[in-house]
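Have a look at the structure below before the remarks.
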Amino acid sequence: MHLLSLLFPVIALIPTVLSHGYVSGIVANGVYTAGWQVSYWYDIINKVPYPQTPGWYEEALDLGFVAPDQYSTSDIICHKNAVNANVSATVAAGGTVQFQWTTWPHNIGPVLTYVANCGGSCSTVNKNNLKWVKIDQSGINFSTQVWATGALMANNNTWTSTVPKTLAAGHYIFRHEIIALHGATTANGAQNYPFCVNIDVTGSGTASPAGVAATSFYKATDPGILFNPYVTLSNYTIPGPALWTG
C-alpha cells in the first residue's frame with residue numbers, strides 16, 4: 001500500500017473532507033455490509049487492527065477525486081492507489097446493490113456502476129487486467145433538469161443498481177462512480193469518484209459480456225466530460241462504454 005503518499009498535514013485536508021463523501025457501505029441481498037472507511041487508514045498507520053470489508057482500500061484520504069488528466073492511470077480503476085479487498089459480499093443475479101455514500105454535495109453529474117469478473121479470487125487479481133462492463137448509468141432527467149447526483153442526494157445519499165439477471169455467477173468487483181460536473185466548463189474540471197467493492201454473484205445466468213479496461217473509459221474532451229452544464233439541456237452523452245443490460 002502506498003501509505004507514504006498520505007503523510008501530509010491533516011489540517012490541510014479539512015475543507016475537502018467536509019465537502020465530499022465516499023461509499024461507506026452497501027446493501028446486497030437485503031444485507032448491509034460496511035465498506036472501506038477512511039478512518040481505517042489511521043488504524044493502519046497506528047498498527048491497530050481494523051475490520052476486513054469488501055470495500056477496496058484507497059488513499060483518497062482527503063476524499064478527493066481523479067481528474068481527467070489521470071484517466072489513463074490506474075487511479076481511475078478503483079481510486080487512488082487502490083488495493084484489493086480480502087473478503088466479498090454476495091448478491092443474486094437479478095437482485096440489487098444499494099451503494100450508501102457518507103454524504104454528497106454536488107447535484108450536477110451522472111452516476112455509473114460497472115462490474116468486472118475476477119476470473120478467480122478478487123483478493124489477488126491484478127486490477128490493471130480487469131475488464132469492466134457498465135451495468136447501470138443515469139445522467140439527467142431532461143423534463144426536470146435533475147441530475148442523477150441530485151436524485152442520489154434526495155435519496156439519503158444512496159444509489160441502487162440492479163444486477164442483470166443473465167449475468168453469470170462468479171467473483172466480481174463492482175465499481176460504483178460519481179462524475180461531478182460542477183467544474184465541467186473548464187478543461188480538467190470534471191471530478192471522478194470511483195469506489196470498488198468485491199461482490200460474489202450467484203444464480204443461473206450464463207452471460208459473460210466482454211468488457212474494457214477502466215483506463216479507456218473516458219477522455220478529457222468527451223462531450224459528457226467537458227461542456228457547459230449550466231444551461232437547459234435537451235441531450236447529454238453519458239461518458240464511458242455502452243450500457244450492458246443483459
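Using the three backbone atoms N, Cα and C, a Cβ is placed for every residue, glycine included.
If you look up Swiss-Prot, you'll see 1-19 marked as signal peptide, on the strength of sequence analysis.
The feature Cu(2+) binding site is assigned by Swiss-Prot to His20, Tyr193, with similarity to another entry given as support. Shown in sequence order, Leu63, Gly64, Phe65, Thr103, Trp104, Pro105, Tyr193 are the residues of the chain, 6+ apart in sequence, with a C-beta less than 8 angstroms from the C-beta of His20 (Cu(2+) binding site). The secondary structure of His20 (Cu(2+) binding site), as reduced to three states from DSSP, is coil rather than helix or strand.
Summarising the annotation, Swiss-Prot assigns disulfide bond to Cys78-Cys196 and lists similarity to another entry as the type of evidence. Cys78 (disulfide bond) carries a helical DSSP state (H, G or I).
Within 10 Å of the Cβ of Asn86 (N-linked glycosylation site) there are 15 other Cβ atoms, across all protein chains. According to Swiss-Prot, the feature N-linked glycosylation site maps to Asn86 (among others), an assignment based on sequence analysis.
Among the features that Swiss-Prot reports, N-linked glycosylation site is placed at Asn141 (among others). Spatially close to Asn141 (N-linked glycosylation site) yet at least six residues away along the chain are Trp147, Ala151, judged by Cβ distances under 8 angstroms.
Annotation source Swiss-Prot lists N-linked glycosylation site at Asn156 (among others), citing sequence analysis. Reduced to three states, the DSSP call for Asn156 (N-linked glycosylation site) is coil.
Other Cβ atoms within 10 Å of the Cβ of Gln191 (O2 binding site), summed over all protein chains shown, number 20. Annotation comment: Swiss-Prot describes His182, Gln191 as O2 binding site.
According to Swiss-Prot, the N-linked glycosylation site annotation covers Asn235 (among others), on the basis of sequence analysis. Look at Asn235 (N-linked glycosylation site): DSSP puts it in coil. Sequence-distant neighbours of Asn235 (N-linked glycosylation site) (same chain, six or more apart, CB under 8 Å from its CB) are Phe142, listed in sequence order.
In sequence order, His106, Ile108, Gly109, Pro229 constitute the residues six or more apart from His182 (O2 binding site) in its chain with CB-CB distances below 8 Å. In this structure, the recorded positions under consideration are Cys78, Asn156, Tyr193, Cys196, and the one with the smallest number of other Cβ atoms within 10 Å of its Cβ is Asn156.
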